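Asks: My questions all concern the structure below.
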Amino acid sequence: MKIFSAAQIYKADKLTIKNQQISSEALMERAATGLFQWLHERLRGTSVKIHLFCGIGNNGGDGIALARHLHEHGYNVHVHVVNYSEKRSKDFLINLERLKDRKIWPDFLSEKSTLPKIHESDIVIDAIFGIGLNREPEGWVAHLIKHINSSGAFTLSVDVPSGLYSDRVPENLEAVVESNYVLTIQAPKLSFFLPQTGIFVNQWEIVDIGLDPQYLEETETDYQFITKSDIVPLYIPREKFAHKGSFGHSVIMGGSYGKIGAVVLSTKASLNIGSGLVTAYIPECGYGVLQTAVPEAMVVTDDGDDHVKKIKIPFEPTVIGLGMGLGTETGTVHAISEFLEKNKTPLVIDADGINILAKQPGLLKKLPPQTILTPHEGELKRLLGTWKDDFDKLKKTMAFSKEHDCIVVVKGAHTIVIYNGKGYINSTGNPGIATAGSGDVLTGTLTGLLSQGYPALHAAIFGVFIHGLAGDIEASQKGYEAVTASSIINNIGNAFMALFSTKQEEEAPSGD
Ligand SMILES: NC(=O)C1=CN([C@@H]2O[C@H](COP(=O)(O)OP(=O)(O)OC[C@H]3O[C@@H](n4cnc5c(N)ncnc54)[C@H](OP(=O)(O)O)[C@@H]3O)[C@@H](O)[C@H]2O)[C@@H](O)CC1
Ligand SMILES: Nc1ncnc2c1ncn2[C@@H]1O[C@H](COP(=O)(O)OP(=O)(O)O)[C@@H](O)[C@H]1O
Ligand SMILES: [K+]
């Protein structure tokens, strides 16, 4: 699902009006109808008090038009126009007149107004600012937003939570509506998915207003929200006469005294995602553990007892996943540097592997093309240095990925795969996955996909999705707290099954 910029949405808007020969006001009516239907299906005519806070632009226009529909169906509506500017939009004014024709008189809020009382059991519709927000709200509007946030009332935002930009972090985080639900017009916005701005969006859903399909289809976007329909086509089916050699040989390299479990997890994940053969490359101390914990895997031990210190792999692997639990002992850093200087095998690099690259950035030039790096925020900072905010972080990661021709998997609640100037935002996963070792499972997953011949970018996008889905399946049965890295591995198979389930389920264009 594409994530369009505000400028692209405005362009789609214009083209739709031209190509479908409809007025902008008719387009607003489509939005209002979609919003109304969503609410009406859930409220079913209840007498709950609904406060609509409407700005004076088209976002406000959507709100005013929605108020009319609600009123016509007998709802108890209270319309407050947030009069932050004299520059009212044409379609706002048309809808305001229609409202007045029906004898609904909004109250006009300005700097001097007393704020309306909002009871906890009321509903707030937030249509103050949409994607037209281009500066911080004035003090009194910020104050109103704080008032809404502290009311405790269920808050539904139209298009975006008011005060939230689609592409940058607001200066005053108290001047942003904390939405319970966002009904977003046509496509989600980038800010919904980043930690600093996504906190204002609890759940979201799309209201489809039928913008020009050709434009939507043909326009390239910097970011995509990756859902099941993007993932299924990436799958490589297994052939009947395939044998284990057809699915490659993964090496999982890592571990040190006290951190052998990281390699166990990656090794198991690599097997579970379908790697033909898996060899764990570990220091001597982990031999017994590995052989016992993962009988399917082979083990090659390093000369080092407690940590890796001289890398010798006695065969040619298909792919190597390295770094989990590796440590950064001087001997290990030296061994990894020496190894990377000569290595030509495709790589997935995580954890201490990334930390070693950060310490010796010269090694980045030696990485094979399209090496996959899987940093969490801390590791990414070591690689890139600091950033101003989440948007700057993405820009810097894109530049880094371009410079070194690597795929960067920025891990988080919405993991984002960055490559070739594009960002692929994952839709699966839950806070239960924020648990020790889940990153090791991800590295094993990606390694196992590369081993089977998935192109590197596909492996990253597909693997991140399956990993999150496996965690979702576990959480749906056990709750967030009980999700462990091992339980994610155990659900990889179920995640595949869910991907190809023939159960007729519609893909909901929504997220939380
Ligand atoms: N195709 C679609 O997607 C459709 C979208 N639709 C809806 O339209 C919405 C976008 O509407 P919009 O362009 O009128 O902008 P909106 O957000 O209402 O702001 C209004 C104006 O406020 C101003 N302003 C900005 N910041 C400010 C500030 N801090 N304090 C004070 N003023 C400030 C700024 O004007 P300025 O003063 O800069 O000239 C801005 O233009 C969109 O979110 C969706 O809900 C639907 O109608 C159907 C079709
Ligand atoms: N709030 C969250 N929601 C969903 N997934 C999360 C969340 N927090 C972390 N994750 C996922 O958990 C994994 C953590 O990886 P990492 O920090 O490397 O853990 P470890 O080092 O313990 O293996 C990543 O895949 C990340 O995307
Ligand atoms: K809004």
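Cβ coordinates are placed from backbone N, Cα and C, and glycine is handled just like the others.
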Asks: Report the candidate from G385, G437, G439, G444 that shares the AMP site with K411, G412, A413, H414, T415, as recorded in TrEMBL.
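Replies: Answer, per TrEMBL (AMP site with K411, G412, A413, H414, T415), from G385, G437, G439, G444: G439.
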Asks: Among D122, D126, find me the residue TrEMBL lists at the same K(+) site as N59, S162.
Replies: D126
Asks: Among the binding-site residues N59, G61, D126, I131, N134, D159, whose Cα is within 10 A of the Cα of G439 (AMP binding site)?
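Replies: Checking Cα-Cα distances against G439 (AMP binding site), none of the binding-site residues falls within 10 Å.
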Asks: Of the binding-site residues N58, N59, G61, N134, S162, H414, which ones put their CB under 6 Å from ligand 2?
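Replies: None, as no Cβ falls under 6 Å.
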Asks: Suppose we draw a 10 Å sphere around the Cβ of N134 ((6S)-NADPHX binding site). How many other Cβ atoms does it contain, all chains included?
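Replies: Counting Cβ neighbours of N134 ((6S)-NADPHX binding site) within 10 Å gives 8.
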Asks: Enter the number of other CB atoms within 10 angstroms of the CB of K411 (AMP binding site).
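Replies: That number is 24.
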Asks: Using DSSP, would you call D126 (K(+) binding site) helix, strand or coil?
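Replies: D126 (K(+) binding site) sits in a strand per DSSP.
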Asks: Of the binding-site residues N59, G61, D126, S162, which ones put their CB under 6 Å from ligand 3?
Replies: N59, D126, S162
